[in-house]
Amino acid sequence: RASEIPSHPRDSLLLETGFLAVLVAPMHLLKWKSTSWRPHDGVTFWLVRWLLFRLMFSSGVVKLTSRCPTWWGLTALTYHYQSQCIPTPVAWFAHQLPSWFQKLSVVATYIIEVPIPILFFAPIRRLRLFAFYCQVLLQLLIILTGNYNFFNILTITLAFSLLDQEHLGGSGSPSKKKQSNAWPPSFFSLFSTLLELTTYGFLIYWTTQYFGLEINWEKKLLDSKVAFTYHEFTTWLGTVTLPLVGLGFLSLSWEILLALYRSLSVPGCCWKLWATLQWGIFTCATLGIFAISLVPFTSLDARSSGQLWPGLRQLFGAVERLQVVSSYGLFRRMTGLGGRPEVVLEGSLDGHSWTEIEFLYKPGNLSRAPPVVAPHQPRLDWQMWFAALDHHSSSPWFTSFVHRLLQGQEDVVALLEGGGSQYPFRARPPRYLRAQLYRYYFT
């Protein structure tokens, strides 16, 4: 049953996004003039950007705090493409890339997931656009090489919180466009351009220094290595965690004040009062969600977490079971270093002649290419990957699954049929079942 299969961070992300949708796009109690925009929309929509920041920043940080040797050695992607849950056909080609390029790809992942998310709150529009396209690029590459159901599409959807109407629809006012093309440029335009170039320069310098990037002219490749220690990284993390919370609060405060100004600018006393009342309600809700989200976010650093007000922990504990906010951090440790562990299930009617029971999506038959499954998430095939990573006692659902196959239960057998594949024991349930562990490798 679905209830017997444990939840996953991707489900937590879907739950949190769904809850935020209630605040971002609630039902209209009263319709007036324009139902497509409300003065407080910027406040609630900011929570989507905050969720995206927590998701990406945490995913980058945990790769280093886990002390996984493959992430620290920049070799994680050397194993990832063949060891991930359900690879795509493109994963085979990615696996063939040279090791120096795989290392450089890990460096790029770190840059996109750790420093660039800070730009989500940048006051300069072009920096936010730069951050948006970096996130979208990463998610598209993941979609090409791995089947992660709806997760990457959902992440791209969250990333749209970094855009504005002018960029999406090109509906900027002619006066603004004329002002941006004016010469000589204004002081603000010059300052923002200088700040933008400084940010890009800092990113390049930071990447070169802390990942030891240098061109190997003899081998004609780009060498890279982690040029900092675990202690240095955790010290940096402890230094920036609370300031990042402060940065988020400043960004939210600006949206709140801007929304209040818009509410007070609504024509008509009654509508002005109604807009201000809505602003107050949604601002309180947004501040509440932001406050309780600090508990899972600061869990990245124990010292920062210990400095939180105890009342926030009580509030978080009261809603934790609803998963209104969650902690994130995907691919904390890389698996499949000695080959991809894969459980192969076989059935028999007499205990002597065994027939392999193929799954619809997970690797099994060596002559079958990896499929493209996303955005569908085949829960059974997905959990078989987790079952192969540890002792069978860690996956108690697997025993129930085998039991139902021995009984020939229809709804369980149906999980193994479809797309032309036929369950070999459709006419008569197997009398014996055995599960063997293999090591799979890409050719």
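A Cβ is built for glycine as well, from the same backbone N, Cα and C atoms used for every other residue.
In TrEMBL, annotation is done automatically, which means it is predicted and not curated.
What TrEMBL records for 10-168 is domain 'Lipase maturation factor 1/2 N-terminal'.
Per TrEMBL, the feature domain 'Lipase maturation factor 1/2 C-terminal' maps to 324-443.
Among the features that TrEMBL reports, transmembrane segment is placed at 12-30 (among others).
Sequence annotations record features per position, and here TrEMBL assigns transmembrane segment to 104-124 (among others).
Residues annotated as transmembrane segment in TrEMBL: 136-163 (among others). Sequence-distant neighbours of the transmembrane segment (136-163) (same chain, 6+ residues past either end, Cβ-Cβ under 8 Å): 10, 13-14, 17, 45-46, 48-49, 51-52, 55, 81, 84-88, 90-91, 94, 109, 112-113, 120, 128-129, 361, 371-377.
Feature annotation from TrEMBL assigns transmembrane segment to 183-212 (among others). Listed as Cβ neighbours of the transmembrane segment (183-212) (distance under 8 Å, sequence separation of 6 or more from its ends, same chain) are residues 74, 107, 110-111, 115-116, 119, 122, 124, 126-127, 130, 223-228.
The transmembrane segment annotation in TrEMBL covers 233-257 (among others).
Annotated transmembrane segment per TrEMBL: 277-297 (among others), in sequence order.
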**Study point:** Stretch-averaged pLDDT - the domain 'Lipase maturation factor 1/2 C-terminal' (324-443)
**Key:** 91
Point to revise | Long-range neighbours of the transmembrane segment (233-257), counting only residues six or more past its ends (CB under 8 A) | key: 42-43, 46, 50, 53, 57, 61, 64-65, 118, 121, 283, 286-287, 290, 294, 297-298, 300-301, 303-304, 307
**Study point:** Counts of helix, strand and coil residues, the domain 'Lipase maturation factor 1/2 C-terminal' (324-443), according to DSSP
**Key:** 33 helix, 23 strand, 64 coil
